[in-house]
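Written below as structure tokens is the structure these notes are about.
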Amino acid sequence: MRVLFAGTPAVAVPSLDALVQAGFDVVAVLTRPDAPVGRKRVLTPSPVAARAAELGIEVIHAAKVDAEVTARIAAAAPDAAAIVAYGGLIPRAALDVPRHGWINLHFSLLPAWRGAAPVQRAVMAGDDITGAVTFLLEEGLDTGPVFGTLTESVRPDDTSGELLERLSHSGAALLAQTLSAIEAGRAVAVPQSGDVSLAPKLGIDDGRIDWHEPALAIGRRARGVTPEPGAWTTLDGQRVKLEPVALRTDAPALQPGQVLLDGKSVLVGTGSHPVELTRIQPSGKKMMAAADWARGQVALEGVVFE
């Protein structure tokens, strides 16, 4: 079966590999244009584009699927299209090109967490179980009928990056299985049912820690925004980046944002019990162990994160 693959970030690469390894004829790859990366802002191909080049697959770079891009998709003559985190909308004209439609791998148990950041939102909400589904792409936001489902436990210390890494591999296998079922004529798509929740894209402000929140909520937020956009707070008006924190129910009571060096542990007060910082990156410096940062302070007494 001839398949067009659409995807952009690293989490989509396992799916591209899975389709190639399963023997599908991947006729072209649709991905976002090269983007500036690093401090020097060097234009760099997306991870999917780089992998497609290694595999010798034609790459279609597009920030928007317009009439010209749709014509290129049609020229590739795919029987089906598989899409994983492409990062753009697929208009009706393009949806109609492959006879089997576009099969989307989405990293949540739809209709829960429809949108761009399902894994991050699941971690931030404290979900115990999440998963991935393959579904028939429609013009609505992640509304199409579901072909296949897998579940994945959310571990207590999971960051969204760690959870997404696991789902990217298990989901890749699910996507290949779904396309095989479609090719064999035995795939059945079932309408979504259950409570709908939305997972809008995260912004920088989603990573800001509000120390008046309970420790559990702060821990979930810090894990949910790691690695991107990252957790942060401010000290003396300067942004300070944080890695995920540990909950400390045995620690002495502190005011929200108040910092205390307790032995080798750096504690910060919250709306409930304190949390322990693991690693911290002050403005203009490299990420370091929280204890090393604390020892470098002239005095921690009176230090309060804002």
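Cβ from N, Cα, C; glycine included.
Since we're looking at a predicted model, the values are computed, not measured.
Classification of Leu110 ((6S)-5,6,7,8-tetrahydrofolate binding site) by DSSP places it in coil, neither helical nor stranded. Remark: Leu110 ((6S)-5,6,7,8-tetrahydrofolate binding site) has Val133, Phe135, Asp142, Val146, Gln192 as non-local neighbours, by Cβ distance under 8 Å and separation of at least 6 in sequence. What Swiss-Prot records for Ser108, Leu109, Leu110, Pro111 is (6S)-5,6,7,8-tetrahydrofolate binding site.
Note: the (6S)-5,6,7,8-tetrahydrofolate site is recorded as Ser108, Leu109, Leu110, Pro111; in the same chain, His106, Ala112, Trp113, Arg114, Pro118, Gly131, Val133, Asp142, Gln192, Gly194 also have Cβ atoms within 8 Å of that site's Cβ centroid.
Of all the Cβ atoms in the protein chains shown, 23 others lie within 10 Å of the Cβ of Ser108 ((6S)-5,6,7,8-tetrahydrofolate binding site). Cβ packing within 10 Å was compared across the binding-site residues Leu109, Pro111, and the lowest neighbour count falls to Pro111.
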